[in-house]
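S.K.: Would you mind keeping the following structure in view while I ask a few things?
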Amino acid sequence: MTGRSRVLAMRHVGGVSPVLVRRDLFLTRTLCSHGPSQPREKRPEEVALGLYHRLTALGAALGHSIRQRASSTAKTWWDRYEEFVGLNEVREAQGNVTEAEKVFMVARGLVREAREDLESQQTKLKEVRDRLDRISRDDNQYLELATLEHRMLQEEKRLRMTYLRAEDSEREKFSLFSAAVRESHEKERTRAERTKNWSLIGSVLGALIGVAGSTYVNRVRLQELKALLLEAQKGPVSLQEAIREQASSYSLQQRDLRDLVADLKGLVQAGTGQGSLSQAGSSPTQDRDTDVLSAALREQLSHSRQVRSRLEGLREQLDGLEKTVSQVAGVVQLAKAAAHPGLESADGALPGSLLEQGSMIMALSDTEQRLEAQVNRNTVYGTLVTCATFVAVLPVLYMLFRAS
């Protein structure tokens, strides 16, 4: 870069002191730029560390914003609750009472100061009057003391007026303080009445919700009991039909097996009666018939084993179902005993006898009807009690709201 600057140079003139002259000098400045530097590649540790720091900062900022939002939301809802209950009005009234008390105490202090000043002035005036009484009227100090007494009387009058104004201000501030206290007490009483009324309303609503919930729970239990009874009614019938079908098929297979064995015996006896001449020519046919019969016999035996295993499984299921039905019958018996405590103890053997006589379905149906009637009766009683409670509480609520 080339630039031009004006400098001062020394020039020696022959026999003359050196003088400063201005010369124009050209300065040349060369700027060397470095070659393009290649960016340094970051190591994976540095990249991971930077990412960790960024994520930490982001998490901290996010947590701070979430805390601020949660605190603002909680404060908003708390302010709404205080406004709804009336705590804001009570707090404002208490603040007014505090301010009125401070003003009253200031006025009281002013009254005290004015009274002290007035008493001090009266004391001084008394001293001056005593001196006037002791000095003769022809004395030179008498005029000075009379003038001082006059000034002190004027000052006493001013202090007395100040004291009276301070007392009036004190009475006014005391009346304002009393009004603020009464207002605070009224606001507190109103808040207490409102809280009591809302508590009563909440109790009534809670009772109604409890009755509705108990009714719903009883209905759901009744439906579950109905489903259980229906399953208990359908289970033995379907299982007996399946056992009957399997038994019939087993008997048919046994009869077919006996017929097959008889045919096989007849064929064996017929084969032994033939001569040795026809034995060589008919041996392939006889072997083939024997193989067919053996295969049929093996198939029949395997089918019989399968049928027997199925029958055993059905018998186990029947035993389990009988246990379940006996348990259900015991539960029904307990419910019946709870509904009718005057029944005899001999009815404890009712489920077993009903199961043996095949009349359990009728007993279950009867028990279902009784339980349904009892649940309906309890629901009706609960509804009547709720209605009566609401009718009894409604005039009380009306009187409370009217009074408040």
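Just so you know, glycine gets a Cβ as well, placed from its N, Cα and C.
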S.K.: According to Swiss-Prot, which of these ranges is coiled coil: 27-54, 111-138, 279-306?
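M.R.: Comparing 27-54, 111-138, 279-306 with Swiss-Prot, coiled coil matches 111-138.
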S.K.: Over the topological domain 'Mitochondrial matrix' (31-196), work out the mean pLDDT and round it to an integer.
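M.R.: Here the mean pLDDT over the topological domain 'Mitochondrial matrix' (31-196) amounts to 86.
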S.K.: If you count Cβ atoms within 10 Å of the Cβ of S65 (phosphoserine), leaving out that atom itself, what do you get?
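M.R.: I get 10 for this one.
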